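In Swiss-Prot this protein carries:
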MOD_RES   Ser25  pyruvic acid (Ser)
ACT_SITE  Ser25  active site, schiff-base intermediate with substrate
BINDING   Thr57, Gly73, Ser74, Ala75  substrate binding site
ACT_SITE  Tyr58  active site, proton donor
Amino acid sequence: MFRTLLKSKIHRVKTTQCELHYEGSCAIDEDLLDAANIVENEQVHIWNIDNGERFVTYAIKGQRGSGMISVNGSAARRAAVGDLLIIASFAQVHETDVATHQPQLVFVDDANRQVELRHHVPTQQL
């Protein structure tokens, strides 16, 4: 049996562009793609912290070191410049590998530069 588990997350990135008439996708600074282990054309889930919108698209490379997060195509109607987003991808993990699976969790500063990398989500407390 396979389970769908969180593979990658880029947490609280700031939207830098919205390009309605671009071909689609989400352009992500290549440094962040590398840190999160997300490849070009990989499906990503995007959750907008500011307005609650959730949508699925695919990742494309944004200029390395630029901090770019550009929501493109029809998804551009789901975000505005300055909105905080969570970008996530998932993987099918075999049951025998679930216990050792470690996602890449990337945390950024206000300029969308990586400041921390974790491999687990802490247990939520009351």
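Yeah, the Cβs are placed from backbone N, Cα and C, and that goes for glycine too.
Overlay of Swiss-Prot annotations on the structure.
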residue : record                 : Cβ contacts under 8 Å, 6 or more apart
Ser25   : pyruvic acid (Ser)     : Thr57, Tyr58, Ala59, Ile60, Asn72, Gly73
Ser74   : substrate binding site : Leu20, Gly24
Ala75   : substrate binding site : Gly24, Cys26, Ile46, Phe55, Thr57
Query: When DSSP states are folded down to helix, strand and coil, where does Ser74 (substrate binding site) land?
result: helix
- prompt: Which residues, same chain and not among Thr57, Gly73, Ser74, Ala75, have a CB within 8 angstroms of the centroid of the CB atoms at the recorded substrate site?
  reply: Gly24, Ser25, Cys26, Phe55, Val71, Asn72, Ala76, Arg77, Arg78
- line: Span of the recorded substrate site, as the biggest CA-CA distance among Thr57, Gly73, Ser74, Ala75 in Å, is 10
Query: Which state, by DSSP, holds the residue listed as 'pyruvic acid (Ser)': helix, strand or coil?
result: coil
